[in-house]
Amino acid sequence: MPSGQPVFPRRVPDAYIAMRGLVVASLLILLVGGTDAFRICAFNAHRLTLTKVIKESVMDTLVQILARCDIMVLQEVVDSSQNTVLFLLQKLQSSKSYSFLNSSLLGRSTYKEKYVYIYRSDKTQVLNFYQYNDTEDIFAREPFVAQFTLPSKILPSVVLVPLHTTPKDVEKELNALYDVFLDVSQRWQNENVILLGDFNADCASLAKKRLNSLLLRTKAGFHWVIPDGEDTTVRASTNCTYDRIVMHGQGCQKLLKAAATFDFPRRFQLTEEEALRVSDHYPVEVELNKAAQGIPPHCLSTLLLLSLSQLG
Ligand SMILES: *[C@@H]1O[C@H](CO)[C@@H](O)[C@H](O)[C@H]1NC(C)=O
Ligand SMILES: *[C@@H]1O[C@H](CO)[C@@H](O)[C@H](O)[C@H]1NC(C)=O
Ligand SMILES: *[C@@H]1O[C@H](CO)[C@@H](O)[C@H](O)[C@H]1NC(C)=O
């Protein structure tokens, strides 16, 4: 080392790099903290077939809708093969890992559809699942129930009960959904259950008075997080709260952060006609907190400010 070379200027870049590293790390933690919630969604994807999803505009929108969700419960998947879902997964996989679980084709006539869960396999796993044994044939498409792990110490798992009712039997099916709740919560000893999907629980399919006399309304402990009056339909000419999320269980409700419809036409600036090529429904979504973990946000801001001031 040549003599007389000042030591100080050599040390500044090192300190600078170290501090910059700290800032980047803090920002990363902040970003991760910002997406801390776990999002569960349900979407009636209106007769989803391979022919439909290979249209680029439909596929782009669907992928963006799916990418918002840690677990998505798709309804009206009309495909006897796996190809529609595999195609979507292939488009989704680019940065994150996804997996899926589908029911068999369900329905009383030649028209049949599946329930399909698409989920972030790096964040959650399927613990178990079954097709509800609908011995009295109450449901046109009996719930395909699944239990998922959650990245939360407060609530390590949650049961999902999807239902797409048939419009002419809404009241009967929704009352029977209470029996499905009893069946699954006993079977898996888990009272943290989320019932979700296109219940057709409004407008011509279910009068307000009938809605309020449903077992899932009169029994204690069920929390309808998509409120009545929220429009879940794409058409400007309709205003119905068809799609719903109903939560049961203390653990679930403690973690509830937000619930809303996702107005994808507005978010992606689609005309009604463009949106209808994807679906006539909005997705409904619920966000669960993972609860207190790691450093509280105000400590992070302090850390960040400190790092920034050190840089100056
Ligand atoms: C998923 O779909 C495939 C193809 O239709 C079917 O063979 C399989 O049984 C389905 N899975 C379940 C759990 O029903
Ligand atoms: C469904 O329930 C009926 C009547 O209780 C029973 O006979 C049948 O074995 C059950 N099926 C399954 C798959 O559990
Ligand atoms: C739908 O109707 C409800 C009242 O039932 C109203 O509060 C809401 O603003 C309406 N939404 C739209 C999009 O028109």
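Quick reminder: no glycine exception, Cβ is built from N, Cα and C everywhere.
Record source Swiss-Prot places C240 in a disulfide bond whose other cysteine, from C203, C252, is C203. When the C-alpha distances from N133 (N-linked glycosylation site) to the recorded positions N102, C203, N239, C240 are tabulated, the minimum falls on N102. Fewest Cβ neighbours within 10 Å among the disulfide-bonded residues C203, C240: this applies to C203. Note on the glycosylation sites N102, N133, N239: the fewest other CB atoms within 10 A surround the CB of N133. All protein chains included, H164 (active site) registers 25 other Cβ atoms within 10 Å of its own Cβ. Among the recorded positions N133, C203, C240, no residue has its Cβ under 6 Å from any atom of ligand 3. Taking the C-alpha atom of C240 (disulfide bond) as reference, the shortest distance to any of the recorded positions N102, E113, H164 belongs to H164.
In this structure, N102 are the recorded positions from N102, E113, C240 whose C-beta falls under 6 Å of some atom of ligand 1.
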